[in-house]
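Taken from TrEMBL as is:
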- 12-31: transmembrane segment (TRANSMEM)
- 72-144: domain 'Copper amine oxidase N2-terminal' (DOMAIN)
- 166-261: domain 'Copper amine oxidase N3-terminal' (DOMAIN)
- Asp377: active site, proton acceptor (ACT_SITE)
Amino acid sequence: MTERRMNSLMKWALILFVLVSIILNIVLIGIHSKRAPKCSAQRTHPLRGKHDDRSLIFADLTREEYSQVQQYMLKQKDLDISSNQITKPSENFLFLIDLSLPKKADALAYLDNEDRKPTREATVVVFHGAKGYIKEYVVGPLPNPIYHRDVTRERYKTELPLSARTVTIGEYALLFQFFETEVFSKLEQLMKESFDVDQHKRLDAFEQMPRGVRSGDRKTWVSFFRGVSGMYIHPVGFEVLVNHESVNESGWKVERLLYNGQYFDTVEDLKQKYNAGSVRKIVYKESPDYGSLKPRNKPLEIGPQLFYPNGARYSVSKNHVLYLGWSFAFGLSSLTGMRVFDVRFKGERIAYELSVQEAMSVYGSITPGMILTKFLDSSIGIGRFAHELVRGVDCPYEATYVDTYRYIDVPAPVLFRNSICIFEHNMGQPLRRHFSDFFHNSYGGMVNSALVFRTITAIGNYDYMWDFIFYQSGSVEAKVHATGYISSSYLVDGSRKHGHQVAENVLGNIHTHFINFKVDLDVLGVKNVFQTKDMEYVNVSLPWMPDHYAMVPQLVENQLKTEQEAALRYNTKTPRYLHIASNKTNRWGHQRSYRLQVFSFTGDHLPESQGEERAMSWARYKVAITKHKDTEQTSSSLYSQNNIWTPAVDFSKYIEDNESIEDEDLVAWVTTGFLHIPHSEDIPNTVTVGNGGGVIMRPHNYFDEDPSIHSSDGVYIGPGSEDSCDNNRMACLAQEMCSPVLEPFTYHGFDGVMKFEDWV
């Protein structure tokens, strides 16, 4: 009886288990069926063009090419070159290896007519400390070089003095040792009482540039800051002027010191007066860590993300990009940064080159660390500081990331992972739209999806975000946004004339940001003209009432003939429409052209009466148009910062010869930027909103109609077709919804940073 009851219970338990299993499976199947399928990694529609290896003539040097060039130069016994990172200024140092761009005519012949491929060469910069000069060499052919030639005078029409060199890691190592032995160790009591500095705790240094007041000077004011997060906004009130003109560090000396707003001639003078109590002492006080970028609140959610439901609509192969109707080659110069070449839309070349040239800032201060400061970033290397981009923050998580190699002030080529990103982006507003309310009801619109090519460079305290944006309307935009830390100085009497106080004893110093872009447009070839268009009001008699008049806007058009006419200064009224035009016409008889539309909020340019202005003379002009020359490749140079009074490149000389710009190959040099008066919201970090500028290259009578009308992104809705997918892919989005397949998050950005502690 008991056994029968047990069997019955087992039977019912088994039936119950089976029923529960069936119900659970039904629930799981239901849940799973509601999940979005994974997005395909394959694009739904084929690319509209083909990748072309001819783009490789603009490609950055490969790791192997860098190494081949380095080894070739080191084998030249007569040059006696070292690649040791801590080479002394008195020795010969291989500072830079970079791509030597081909001549434009040779490149175009190869790109368009499949003529002979231009010889691939590298530029090498050597600081000849033993001989007192700098040389630039062209080395080739790559990848197996067999020759080098000195091109210094060919490029700069002069020799380059050693004093024009960038401060290298080797020189920095000696400077840090100098400060330790000649300053800190002699002021132990002051350093401890004022700054809490001892053998285990140091101050951080930030330099003033230029280094002096005349050619040949190498006298640098160094300001000191607390060694904490965002050290640039933690000045301590101690600055030292060091003379390091000699290539032998034994000849270096301290020339002046500033402590709490008071000047001293020697370290001994400061020490004696400090110990005697005859100076206003700074008493160390621990300050809050207000410069940290660590979130004040724990992140709990992730914001909106970008993904591609039908696969990416662009493709990157080597250094070549295809996107809908666009194609271009790209590179990243160690000195000038981001650049693209052979930019084509629907098969026609729009631009030969679009590139960053220079980033310049002029500061105001009452203290010496900034009173003379004028930063010219290409002299340090703009592209040099393009570190790894953070996935999902610096660029969308699903962007394509590209590695780069660089060789500048290093013993071997350095890999910078994910230092370029490329992505298609919904710009957040329609590219065009119209809702017809009267007579014929309909809606037509198109999302503004564009391709973004980006890198971000962290040059000292400032981070610049560089974007080239390719729109489906045929427009290209080059823009920059600034973020990072402001530069600051210790608050003393009179400081507030040069900025705002942003923390205790901290002044955020007023400064300008000027950015220069090179825009080498080729509008239907290399025979172009420069035109301006604007408006004026004219008093017109009404045709049907001749005795009545009205002020009516009228089109005013001009064609400028020479470089000096086309050098449009910032302090003069500039026509609102600026065009690089061809002599070919569209269907309606208008010259096909591209317009330059500049967005800029710059401050005043440094007066031309100042000796340093020649090194930044490009900033005189909102836009300057010159005839293309291979010898006028850049608007600035590696040597401008440290030889600012006798610059190797003086852009104003490009305009002085006043050549004709009618039916010529034209280059536009565009200056943009903004004035920055720091404020409390710049603590801890300057935001990108409103802090930038740029230029848009827009087709103007280039097409017979807006080319985006042919885009498959267009949407049209008529009465009764609201649910139809025929002309509205948005109506099918719910059925096509998918979830992205995301790569694991990784970051290697600290691999390529300069580690100061390794040098001392």
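Glycine too: its Cβ is placed from the backbone N, Cα and C atoms.
Remember, TrEMBL labels are computer predictions, not curated facts.
A quick note: this is a predicted structure, and the numbers were derived from the prediction, not measured.
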Cβ contacts of the residue listed as 'active site, proton acceptor' (under 8 Å, same chain, 6 or more positions away): Glu358, Ala359, Met360, Ile459
Per-state residue totals over the domain 'Copper amine oxidase N2-terminal' (72-144) - DSSP helix, strand, coil: 13 helix, 26 strand, 34 coil
The domain 'Copper amine oxidase N3-terminal' (166-261) - residue tally per DSSP class, helix then strand then coil: 31 helix, 29 strand, 36 coil
Per-residue pLDDT averaged over the domain 'Copper amine oxidase N3-terminal' (166-261), given as an integer: 95
